[in-house]
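Visitor: Under the heading transmembrane segment, Swiss-Prot lists 3-23, 55-75, 84-104, 117-137, 156-176, 187-207, 231-251, 255-275, 280-300, 334-354, citing sequence analysis as support.
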Amino acid sequence: MRQIIIAAGIAILVSIMLTPVLIRVFSRQGFGQEIRDDGPQHHQKKRGTPSMGGVAILAGMWAGYFGSHLVGIAFGSDGPSASGLLVLALATMLGGVGFIDDFIKIRKARNLGLNKTSKTVGQILSALVFGVLVLQFRNTDGLTPGSPQLSYVREIATVAMPAAIFVLFCVILVMSWSNAVNFTDGLDGLAGGCMAMVTGAYVIVTFWQYRNACSTHPGIACYNVRDPLDLAVIAAATAGACIGFLWWNAAPAKIFMGDTGSLALGGVIAGLSVTTRTELLAVVLGALFVAEIVSVVLQIAAFRTTGRRVFRMAPFHHHFELLGWAETTVIIRFWLLTAIACGLGLALFYGEWLATIGD
């Protein structure tokens, strides 16, 4: 628990202190965000707001993770784990893709950065590296960071995938989650606030898995997760980094996280879902992100097949703005929906444990 608190604390401090530095530097360099002309017109006043704030989020995550381990090692705790490093590496690789995308947008003064093919290739390569490595690094208990079995709140024994299919599954997960968070990042503080709650929920999930790990507490309801405590540290560092960034990103935003932040944070959800054996539970915890990407898919599918749109604009947070909702109203209500989804996800997680104990 000490390491979890330290990770969150360091991440908050680094993120909240580094972000204003980035605001000043990026403002001097003219690294401002371009705004879509077809979006809500009141968004045009945001043109020129510094972007690439995801750099501060990633810095907070790295500092929180390794800072907590430096303290932990001093008290005799284990160092970084394969699971934690893989999730952090996935987030960083995706953040790198996002950084290139953001930089091109800024240099060319347009709302489009990398072309779709280049961006997709970057995401796929990041996912492939993660998918292959997550089945390596077997520990003394025979556990690898990931499992080829599909999982809900623990592995589903009847649904096992060959290694190649599992890697493809990881690609789909990473692509889906990174794009889902990217689509959600369209209003001030929306994605950051939702991510803080989802990763906060993952702190609870992973700490519970640690307290009921099969390696230390064998039983019918124990969890076969390789490094649950270290994954809790990763989740706490991510939540802390998002909270620190949110101080400056809340409406009216002084800086945007950009694709640097949104792709990286989507990678965190994908990575945690695989390494904690909760791929299906993640859909509940991150239901708001799922709804955002589904709204985009529905909009495209409906327009291409019928010539009509389901929403006035997608992602659907803009739909509510065009209906007349104030931006802050949309943000707060979506935060509330995320809090409800996280509460439901945690209830399902704990309920499954109680049901297993009862059996």
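Heads up, the Cβ atoms here are built off N, Cα and C, so glycines get one too.
Owing to the predicted nature of the structure, the values given are computational and were not obtained by experimental measurement.
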Visitor: Would you say the transmembrane segment (3-23) and the transmembrane segment (84-104) are in contact under the rule of three or more C-beta pairs closer than 8 Å, pairs 6 or more apart in sequence?
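Guide: Checked: the transmembrane segment (84-104) vs the transmembrane segment (3-23), no contact.
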Visitor: If you count every Cβ pair below 8 Å, which range out of 3-23, 117-137, 187-207, 231-251, 280-300 shares the most with the transmembrane segment (55-75)?
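Guide: Most Cβ pairs under 8 Å with the transmembrane segment (55-75) come from 3-23.
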Visitor: Counting Cβ pairs closer than 8 Å, which of 187-207, 231-251, 255-275, 280-300 has the most of them with the transmembrane segment (3-23)?
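Guide: So the stretch in question is 231-251.
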Visitor: The transmembrane segment (334-354): which same-chain residues, six or more beyond its ends, come within Cβ distance under 8 Å?
Guide: 152-154, 190, 193-194, 197-198, 200-201, 204-205, 208, 212, 221, 278, 281, 284-288, 317
Visitor: So if I exclude everything within five residues of the ends of the transmembrane segment (156-176), which remaining residues of that chain have a CB under 8 angstroms from its CBs? That is, six or more out.
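Guide: For the transmembrane segment (156-176), the list is 90, 94, 120, 123-124, 126-128, 130-132, 134-135, 146, 148-150, 266-267, 270, 273-274, 279, 293.
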Visitor: For the transmembrane segment (187-207), what are the same-chain contacts with Cβ under 8 Å, counting residues 6+ beyond its ends?
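Guide: Residues 1, 4, 57, 181, 225, 228-229, 231-232, 235-236, 238-239, 242-243, 245-246, 249-253, 257, 261-262, 265, 268-269, 272, 276, 278, 281, 285-286, 288-289, 317, 321, 327, 330-331, 334-335, 338-339, 342, 345-346, 349 contact the transmembrane segment (187-207) from elsewhere in the chain.
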